[in-house]
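Each remark here refers to the structure printed beneath this line.
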Amino acid sequence: MARILITGSTDGFGFEAARQLIERKHQVYLHARNQERADEVKTKLPGAAGVLIADLTTVAETRKLADEANAIGTFDAVILNAGLLYGPFRKSDLGVPASVFVNLVSPYIFAALLNPPKRLIFIASVLHHEADTSLKDIFWLERGEKEWKDFPAYCDAKFHVVLLVNAIARRFKDTSVIAVHPGYVPTKLAGQDAPGKMEDGIETYVMLAEGDYDTSLTGVYFDPKKERAQPHALTADLDKQEAVVKACEELTGIKLPSP
């Protein structure tokens, strides 16, 4: 039995992965952004070990989530599933657009503060291949609301996440750090017209959570078919990897250990 935490697990991929992992007798901790959502998911998944509550658009709440997770103990697997794509423009407490914060900054903070688990899984996307790879204005602070475009921002954040996965993999020597593209499937994030099959992505989540792969692998990218895939070539650039780490450190004041 593995101890597993899945962020953003009140619906979509996170919920379904949690449901299946609970059925497989794992100790699964859920995450909800508020008490109402927590109460709803506890009713739907009564076999969950617990529900942690945090709004991942703020530093303080993300830090609280890490503290509460650490108090439970070291996890076998953590899936950083929470994400945003479309929706009205709003800012995090640091002035960063909420989707950039949830997709990139909050996972960085959480990973930096968490007791390293055996397996740490970040949600990437095949859309990272469409990103602006220049690393200019990573957090959209210069462009702001007037120039905001949610789809390009999402693509960029996922490119930065794959860079971050590589950087963290060099630091967490005893952790298998993985990026995964879950697939373009009907979820709240992707919309109900998405053509893919959720079952494929869920199977990959379950495989990674259970460690049913070569766990000596780290800093690698999986597709929804449980296979390793080739990320954008520039995600192997060490300077770009460290530039994303430095940007996140300077923004948040929270540091990763040195590689």
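Backbone N, Cα and C define each Cβ position, glycine as well.
The active site, proton donor annotation in Swiss-Prot covers TYR154. Look at Swiss-Prot and you will find LYS158 tagged as active site, lowers pKa of active site Tyr. Positions annotated as NADP(+) binding site by Swiss-Prot, on the basis of similarity to another entry: ARG37, ASP55, ASN81, TYR154, LYS158, VAL185, THR187.
Here ASN81 (NADP(+) binding site) comes close to ILE6, THR7, GLY8, SER9, PHE13, GLY14, ALA17, ILE123, TYR205: these same-chain residues lie at least six apart in sequence, with C-beta atoms under 8 angstroms from its C-beta. Annotated pair the residue listed as 'active site, proton donor' and ASP55 (NADP(+) binding site), C-alpha to C-alpha distance, rounded: 19 Å. Taking a C-beta cut-off of under 8 Å and a sequence gap of six or more, ARG37 (NADP(+) binding site) has these contacts in its own chain: THR10. Calculated from their C-alpha atoms, the gap between ASP55 (NADP(+) binding site) and the residue listed as 'active site, lowers pKa of active site Tyr' amounts to 20 Å.
Remark: LYS158 (active site, lowers pKa of active site Tyr) has ASN103, ALA124, SER125, LEU127, HIS128, ALA131 as non-local neighbours, by Cβ distance under 8 Å and separation of at least 6 in sequence. DSSP classifies ASN81 (NADP(+) binding site) as coil under the three-state reduction.
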